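Chemist: Pasting the relevant annotations from Swiss-Prot:
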type     : residues                     : note
ACT_SITE : ASP197                       : active site, nucleophile
BINDING  : HIS73, ASP75, ASP197, HIS448 : Zn(2+) binding site
COMPBIAS : 1-10                         : compositional bias 'Low complexity'
COMPBIAS : 19-28                        : compositional bias 'Low complexity'
DISULFID : CYS56-CYS360                 : disulfide bond
DISULFID : CYS269-CYS274                : disulfide bond
DISULFID : CYS414-CYS474                : disulfide bond
DISULFID : CYS495-CYS503                : disulfide bond
CARBOHYD : ASN134                       : N-linked glycosylation site
CARBOHYD : ASN311                       : N-linked glycosylation site
CARBOHYD : ASN347                       : N-linked glycosylation site
CARBOHYD : ASN369                       : N-linked glycosylation site
CARBOHYD : ASN499                       : N-linked glycosylation site
CARBOHYD : ASN543                       : N-linked glycosylation site
CARBOHYD : ASN643                       : N-linked glycosylation site
CARBOHYD : ASN649                       : N-linked glycosylation site
CARBOHYD : ASN690                       : N-linked glycosylation site
CARBOHYD : ASN764                       : N-linked glycosylation site
CARBOHYD : ASN927                       : N-linked glycosylation site
REGION   : 1-30                         : region 'Disordered'
SIGNAL   : 1-50                         : signal peptide
Amino acid sequence: MGADARPLGVRAGGGGRGAARPGTSSRALPPPLPPLSFLLLLLAAPGARAAGYETCPMVHPDMLNVHLVAHTHDDVGWLKTVDQYFYGIHNDVQHAGVQYILDSVISSLLVEPTRRFIYVEIAFFSRWWHQQTNATQEVVRDLVRQGRLEFANGGWVMNDEAATHYGAIIDQMTLGLRFLEDTFGKDGRPRVAWHIDPFGHSREQASLFAQMGFDGLFFGRLDYQDKRVREENLGLEQVWRASASLKPPAADLFTSVLPNIYNPPEKLCWDTLCADKPFVEDRRSPEYNAEELVNYFLQLATAQGQHFRTNHTIMTMGSDFQYENANMWFRNLDRLIQLVNAQQQANGSRVNVLYSTPACYLWELNKANLTWSVKQDDFFPYADGPHQFWSGYFSSRPALKRYERLSYNFLQVCNQLEALAGPAANVGPYGSGDSAPLNQAMAVLQHHDAVSGTSKQHVADDYARQLAAGWDPCEVLLSNALARLSGSKEDFTYCRNLNVSVCPLSQTAKNFQVTIYNPLGRKIDWMVRLPVSKHGFVVRDPNGTVVPSDVVILPSSDGQELLFPASVPALGFSIYSVSQVPGQRPHAHKPQPRSQRPWSRVLAIQNEHIRARFDPDTGLLVEMENLDQNLLLPVRQAFYWYNASVGNNLSTQVSGAYIFRPNQEKPLMVSHWAQTRLVKTPLVQEVHQNFSAWCSQVVRLYRGQRHLELEWTVGPIPVGDGWGKEIISRFDTVLETKGLFYTDSNGREILERRRDYRPTWKLNQTETVAGNYYPVNSRIYIRDGNMQLTVLTDRSQGGSSLRDGSMELMVHRRLLKDDGRGVGEALLEDGLGRWVRGRHLVLLDKVRTAATGHRLQAEKEVLTPQVVLAPGGGAPYHLKVAPRKQFSGLRRELPPSVHLLTLARWDQKTLLLRLEHQFAVGEDSGNLSSPVTLDLTDLFSAFTITYLQETTLVANQLRASASRLKWTPNTGPTPLPSPSRLDPATITLQPMEIRTFLASVQWEEHG
């Protein structure tokens, strides 16, 4: 079905080929579950074995085996909210009810023992499971044991791969796979990753899947040029070498591209949402079509098989929210299998068709013992036509993208304090604290229509609602934990609106205390900014010593903020006290308009490490200097906008939530000059730039800071002229970059990008802007032989280098047309999402030392300190223990190359611990890219580790007993992985290695 003729609620290229518009066809109710006695009798039949490859069906080694995969693709929010999809509400928007799909599938599987089905989205399945009776649950467990109901992927959602951070990916996969492990044991453990709908595929995602223990990956969306080449060269299946640092085969993943995205073949969609004809076998009927369908299928299977290297091929039989009447699907598949296989006897057909699963198909490929080609880059950007690059969603809904990243930060703080404080965090003086709601909400946000920004507006609003609801019980947990660890029960306040300078307590109280929690494994020095009233203030550190402070008037406001530097220990907190000075009005530092006097035309800000100079005529940044490394780089930064395409003579494709398609290659400047104001205090220097009524920026240097901070504010983007606009921040330099630039992959490893180039095929570039855009999750940089300019982001954005020495990041977009990919509404964001604030951190370094700066600063950007306020004067938590104003959960800091990725409660007496080497091989010219050894025995101060078990990345298998299928790449044999030592709690981390542990602990009595 083409992009301009698809049923409502079907993404172009996605589900529902041949589907009728929902709501227009009559549909039978799914059959009820058979009586329990019948089910138990059926399941007691001989031949039921433990789930695993041994439960796979028999194949014919001398025939073409067509593996039919019955499946449903259930978006965890898209056109409807998660709840609306589960319960089947608002079927006028899209006919979809997940609870009925699962009811119907289970019922139909029990009718015929050869039938198989896979399910993916655990966010839905877990909800359905908890609504079932014990008897039904046992029936399902038996189906899983027999391999007839099989889970693929197993994450809470099928996450996006462009706008997601690797930590959040790991968390959501852990949540879903833990449910399966707790519910079904090893029988329910998925063996393949199933990412059939994400709009492009990242290398880091493949690396994580390999480290999670998956044997292979199946996906559906592949660039149309890439797919054509792979079909011709039999390259749809290969080994993906997904890490440049981890030794093969640690991050090697067998990868298979599905032949029809994830849809059934043309004419073979037998769902109530489809309009294809069912099998009619009665030759007397004028509708008789059985012979025609069988012949069509044989031709189809033979043609498809020619694109693959073995005598096995796979067909997906299902699509978006299908199988609500599973009997309709399975009855026709039964007939297809019977009639096609009958041709083997009737006329010597060499095609064998069978119910199968992706895992069973993969098993047959593995047994073929072939040598496979190797891929080492990624699958971005994705295009499904010459002018249809799916690179717009890298930047869509920037406010939601930032809220998701903030929530990841807060969830890690919540998890850590729950681990450090022990059971007291969950039940304490502030009520019942719980990290689970935010963990689940964050998992939902990783869905490929959530953080991607590709849902309807009301669904995006619901995603934000889920996050907000998850923050509440985490705040209770933080209060309980901080009270226990500090020894003082305070009236804690959480100011969620500090980004817009709103915090009622700090703006009204004469005295208050500020608790700053540091989630990193090293001490940090951090500048605190709090909105305050028009008074003078004195700030004291945990020892009672007065620390420097400033009051700064806010731009475009009569409000003001208090600034003071805080030092916070590793994995711990410091409590500072703030007091008004009676009778003293503040000496507030107001922004000063730039002088027009000829002898004062230098506009610059500077600290000990960085100097930034601005053009006094235009107000634009024009030069950056690293004083420590004696580097000076002319760099011009300004805001531009692309005029969004509404279609032209080359293509009717418009820019939308998914698609980025500008009208012209050259963007327009928001303004050629900025009205500027200068702020200089002992703690901070700022240049406030006002480009227009809807675009402004503060360029900032704090004392001691080694990067330049650009805090931009964009919106509401004006569209009254009838043009959608896509706003970028662009940096132009004199660096000779030779068409190269570099972006991160999900916040971890770095990939080299070359303009107008793809490593695995000769690109025919049809969109010189959109076709060169890539996801930027945490950083983008350009460099020559000496200097490197890096920009760190505070959320996922799209970015590129469209000419040598230049790089750009898209910060916001507002569009007037729907791009024809199923959402059915333009990306207008008429609510608060129109006004967005964010930060870019700019680093200038020598190439050989740049990694130290951007790695350590990016870590700080993802896990920033959590600020909690209180009036002070709280009651003691322990009557016999004095309160403390400083605490560290570590007895010694982690080395700079080691990141504490996860510290979270697993059960009542067990913690989940992940430690990560955050540098790549050869990335640092010093020793930060070297292996590092840690002793975990007495590392933590709040608890003692009594027993330690190492697991796979998602903690669903012991590492020592986990195994994966072995493949032979054409690069030569890979060495057997050497076992990682744990002796008894001393571990070594190799570059880019993550090691995961379940630690039995005993908490200290008073923390």
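Backbone N, Cα and C define each Cβ position, glycine as well.
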Chemist: Using C-alpha atoms, which one of the recorded positions ASP197, CYS414, CYS495, ASN927 comes nearest to ASN643 (N-linked glycosylation site)?
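Modeler: With Cα distances computed to ASN643 (N-linked glycosylation site), the winner among ASP197, CYS414, CYS495, ASN927 is ASP197.
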Chemist: If you count other Cβ atoms within 10 Å of each one's Cβ, which of the disulfide-bonded residues CYS56, CYS269, CYS414, CYS503 has the most?
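Modeler: Answer returned by the neighbour count: CYS414.
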Chemist: Could you list the residues of the same chain, at least six apart in sequence, whose Cβ is under 8 A from the Cβ of HIS448 (Zn(2+) binding site)?
Modeler: ASP75, VAL157, MET158, ASN159, ASP160, GLU161, ASP197, PRO198, PHE199, THR454
Chemist: Given the recorded positions ASN311, ASN347, CYS360, ASN927, state which is nearest to CYS274 (disulfide bond) when distance is taken between Cα atoms.
Modeler: CYS360
Chemist: Quick check on the disulfide-bonded residues: of CYS274, CYS360, CYS474, CYS495, whose CB has the lowest count of neighbouring CB atoms inside 10 Å?
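Modeler: CYS495, out of the disulfide-bonded residues CYS274, CYS360, CYS474, CYS495, has the fewest neighbouring Cβ atoms within 10 Å.
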Chemist: For CYS414 (disulfide bond), what is the secondary structure by DSSP, using just helix, strand and coil?
Modeler: helix
Chemist: C-alpha of CYS503 (disulfide bond) to C-alpha of CYS474 (disulfide bond): distance in Å?
Modeler: 19
Chemist: What whole-number Å value do you get for the CA-CA distance of ASN134 (N-linked glycosylation site) and ASN690 (N-linked glycosylation site)?
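Modeler: Rounded to a whole number, the Cα-Cα distance is 64 Å.
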Chemist: By the count of other Cβ atoms within 10 Å, pick out the sparsest of the glycosylation sites ASN347, ASN649, ASN690, ASN764.
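Modeler: Comparing Cβ neighbour counts within 10 Å for the glycosylation sites ASN347, ASN649, ASN690, ASN764 gives ASN649.
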Chemist: What is the interatomic distance between the Cα atoms of ASN543 (N-linked glycosylation site) and CYS495 (disulfide bond), given in whole Å?
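Modeler: Cα of ASN543 (N-linked glycosylation site) to Cα of CYS495 (disulfide bond) measures 25 Å after rounding.
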Chemist: Please give me the CB contact count at 10 A for ASN543 (N-linked glycosylation site), counting all chains in the structure.
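Modeler: So the number of other Cβ atoms within 10 Å of ASN543 (N-linked glycosylation site) is 9.
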Chemist: List the same-chain residues at least 6 positions away in sequence whose Cβ sits under 8 Å from the Cβ of ASN499 (N-linked glycosylation site), in sequence order, or say none.
Modeler: ARG837
Chemist: Radius 10 Å, atoms counted are CB only; among the recorded positions ASP75, ASP197, which position scores highest?
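Modeler: The residue with the densest Cβ neighbourhood is ASP75.
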